[in-house]
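Copied over from Swiss-Prot:
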ACT_SITE  Glu44  active site, proton acceptor
ACT_SITE  His213  active site, proton acceptor
BINDING   Asp42, Glu44, Asp218  Mg(2+) 1 binding site
BINDING   Asp42, Asp156  Mg(2+) 2 binding site
BINDING   Glu44, His213  AMP binding site
BINDING   Cys595, Cys597, Cys620, Cys633  Zn(2+) binding site
DOMAIN    38-226  domain 'Exonuclease'
ZN_FING   595-642  zinc finger
Amino acid sequence: MATKQLAKQLGLIRRSSKTSQTSSNVSRPKARQFFEYLIIIDFESTCWKDGKHSTQEIIEFPAVLLNVSNGEIESEFHTYVQPQEHPILSDFCTELTGINQQQVDDGVPLKICLSQFNSWIQKLQKEKGIAFVTAVPTHSTAEHKMCAFVTWSDWDLGVCLLYECRRKQMKKPDILNSWIDLRATYKLFYNRRPKGLNGALQDLGIEFSGREHSGLDDSRNTAKLASRMICDGCVMKITKSLDKVNHKISYTRPQQVLPAQDSNSVQVGTIQTSEMHSEKNPQPSFDKTAACVNVMNLQKDLEPSSLKINGKPIGRDKAVTMLNGHQGQESLPSQTLINGLSTTLGNGPKRCFTNRTSLGTLQTGVSLGAFTSTPAELPSLGSGHVLMSTTVTSVTDISALDISSTSDCLSMLADWEDAAVIEDSQEEPSVPTTEQSDLLMAQTSVDVTLPGTNMANCNRNQKYGSFHPHSIAYQSRNTTIYNINVKQNVSSCSTFKVPGVLARRSTNMMPTSAQLNKMSTSLPSFPKRKLSSVSFYSPPKKQPFIIHEDKCSSNNRSLPVISSRPHNVPPTVLNATVNNTFKSAQTGKITAPMCNCGRRAKRLTVSNAGPNQGKAFYTCSVKKRNEENKKGCDYFKWEQTVVKEKSAQSTIILSKSGISFSSNTSFTAANSASRRSFVSLRPSMRT
């Protein structure tokens, strides 16, 4: 034996490597794992044998850090928590968990416990460089090691801690919103249902160490089970997340014309659709769907038929349609070329995009947007977060339009904004009125520069839509009207007129000839439109209600109103608003009277054979069963008698107010001079 040991020390005899290989195979995971560290949590909460109390509180907060590569527990966190809602533990809870009342009394509240747990996590992040998968993007580098939380079921983080924080209005750490359910993973991997944590360990030949239902011991045994499953080839993945799923957001940008670099060429940019993925789960294929700009050079002397995009010829109409943002969707490369700057979108270097409007692009008659890319470090933005411009191809100022004085544009003016008018008697614009006024507009056309037109005719120095300062005829908060006679440097490019809209004309409210002669006087410096094409009254599209007016009372509209002769009111008005009591009496449906005992009488019908069969009567609703029952009364009345009484009462009320009824459902006001009725306002309502 001494010789053999000496030979081993001198290295003459090699040791057998079978044992070392077997032990290394057991400790090393077979499959490549995404998470290098796992934090196993197993809470213990208050409980009762009868189950009457449904709100459970955490009384033990354990957590252990497991190294996936070697299966060792490198750090532990453990504390007892004071219950606030039910501070006294039940005997069943003490017997089950082994936690006594003194331990929870010496513990800390849950809010302080979460703060201590957060400090422990931050310490691990600094020492071991771990990182968690959260919805909030973090600047993770290659040195960071991914970590996830593991529980035996969803109860710990999905029920117990979640609802307790909601009840107590406490902020839960965001890193606890996602975890791995080891019980569900065990069931899927081994294809069998485990019988508790102890049963799952026994199935794999692992002995449970410690005390069951002890939070720290359960966490350690769960870590053993997770390490064994990883060695068997199970890949740990997130099974539950409380974070809201951020769906893909598609941003569609219209085709835009970028400012021309010289007078012989113009760059036409086509911004495509990009999909912004959720930053919680970054996709490696994000660069495939990034936004891009395809830059083309259109020569000066080319014909419209020779225009090409990506090597494909296009026509004049298609080129104009692409400029308007309706066509031209092409492929989506992974880079963007904007104003000569190559910018990588997605997971590349961060660029800060700002939106601006180029004045040189006003030659096209539309508002165009351009990007300016400047490198900027944005710590609040994660990987794949890109700020996109939201400039829409639209006309934002009425100064860039010419609106004609024909009747086709009247309906368009009503849809744009409130019509602005200028009085003829004034030399300068003032407050607009609706009478003796005229509206100064130019022709409704939008000048759009074609890519194939001669760009030399459209000088860059001539900005379309720029007017002389003295050319403003009227200006308000929402409207600016220019004098077209003073307008200078009008572009000679091709124009596209807006399709005309036929306005609905009204002939019943046309002004008289005297009013037309009076309004024919025009301002000396501003052109006027023809009054024959103007409709001063636009009837509503739909009548909201019908007004019934008495012809004989239309002449007298002053207060007080004196009724000198009877007025006949239509039956519709009478039936709708006047004398509901009389109407109910005529139809036979009246309100049941009150009986002697203060209750509402009940309407019954005679069913026995005889002369009164079928007649209705009212009696007390409480039936008198015997002589001892004294709750009811002996009230009885025929319905005809009740109707007559109701009619007599309504007649007395109307006679006191000076109105009498006749058989033809018309009422008459008393014409006595001493009983005139005046309609006037109360002193508090007078102005």
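Cβ coordinates come from backbone N, Cα and C, glycine included.
Rounded to a whole number, the C-alpha distance linking Cys595 (Zn(2+) binding site) with His213 (active site, proton acceptor) is 73 angstrom.
Considering only the recorded positions Asp42, Glu44, His213, Cys597, Cys620, Cys633, the residues lying within 10 A of Asp156 (Mg(2+) 2 binding site) on a C-alpha to C-alpha basis are Asp42, Glu44. Considering only the binding-site residues Cys597, Cys620, the Cβ with the fewest other Cβ atoms within 10 Å is that of Cys597. For His213 (active site, proton acceptor), applying a Cβ distance below 8 Å and a minimum sequence separation of six or more within one chain yields Glu44, Leu96, Thr97, Gly98. A straight line from the CA of Cys620 (Zn(2+) binding site) to the CA of Asp42 (Mg(2+) 1 binding site) spans 72 Å. The CA atom of Cys633 (Zn(2+) binding site) is located 78 Å away from the CA atom of Asp218 (Mg(2+) 1 binding site). The least crowded of the binding-site residues Asp42, Asp218, judged by other CB atoms within 10 A of its own CB, is Asp218. In sequence order, Asn596, Gly598, Arg599, Ala601, Ser621, Val622, Gly632, Asp634, Tyr635 are the residues of the same chain, not among Cys595, Cys597, Cys620, Cys633, whose CB sits within 8 A of the CB centroid for the Zn(2+) site. Within the set of binding-site residues (Cys595, Cys633), the lowest number of other Cβ atoms found within 10 Å of a Cβ is recorded at Cys633.
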